[in-house]
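Enquirer: Here you go, one structure.
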């Protein structure tokens, strides 16, 4: 085993384009499952309520209202769906 072989082992194949292609192929399954779950009816309705709240709060200059409850409802609905689907896609 020569010095060149050791360098290839430490840095990979040595071809930066090849390394970039390998990195681009990796997709986080959590992101994919979240996107799928956000399309479900329950999540769509929760997101609509969140967006309506955001519009209402943003249109007022002085308000004590925030959209914490709507945000938590949306995240809960999405994460409930994700919890049931994510572990099936993991190896």
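Placement of Cβ uses the backbone N, Cα and C atoms for every residue, glycine included.
Taken from Swiss-Prot, the feature compositional bias 'Acidic residues' applies to 17-27. Look at Swiss-Prot and you will find 37-81, 53-67 tagged as disulfide bond. Per Swiss-Prot, N6-acetyllysine is recorded for 42, 85. Residues annotated as region 'Disordered' in Swiss-Prot: 1-30. Per Swiss-Prot, transit peptide is recorded for 1-13.
Tell me about the surroundings of these features in the structure.
Expert: Other Cβ atoms within 10 Å of the Cβ of residue 37 (disulfide bond), summed over all protein chains shown, number 20.
Packing around residue 67 (disulfide bond) is summarised by its Cβ count: 19 other Cβ atoms lie within 10 angstroms of its Cβ, all protein chains included. Classification of residue 67 (disulfide bond) by DSSP places it in coil, neither helical nor stranded.
In the three-state DSSP reading, residue 42 (N6-acetyllysine) counts as helix. Over all protein chains present, the Cβ of residue 42 (N6-acetyllysine) has 15 other Cβ atoms lying within 10 Å.
Secondary structure at residue 85 (N6-acetyllysine), taken from DSSP and collapsed to helix, strand or coil, is helix. Around the Cβ of residue 85 (N6-acetyllysine), the same chain contributes 33, 36, 37, each under 8 angstroms and 6 or more positions distant in sequence.
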Enquirer: Can you tell me how far the Cα of residue 53 (disulfide bond) sits from the Cα of residue 42 (N6-acetyllysine), in Å?
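Expert: With distance taken Cα to Cα, residue 42 (N6-acetyllysine) is 17 Å from residue 53 (disulfide bond).
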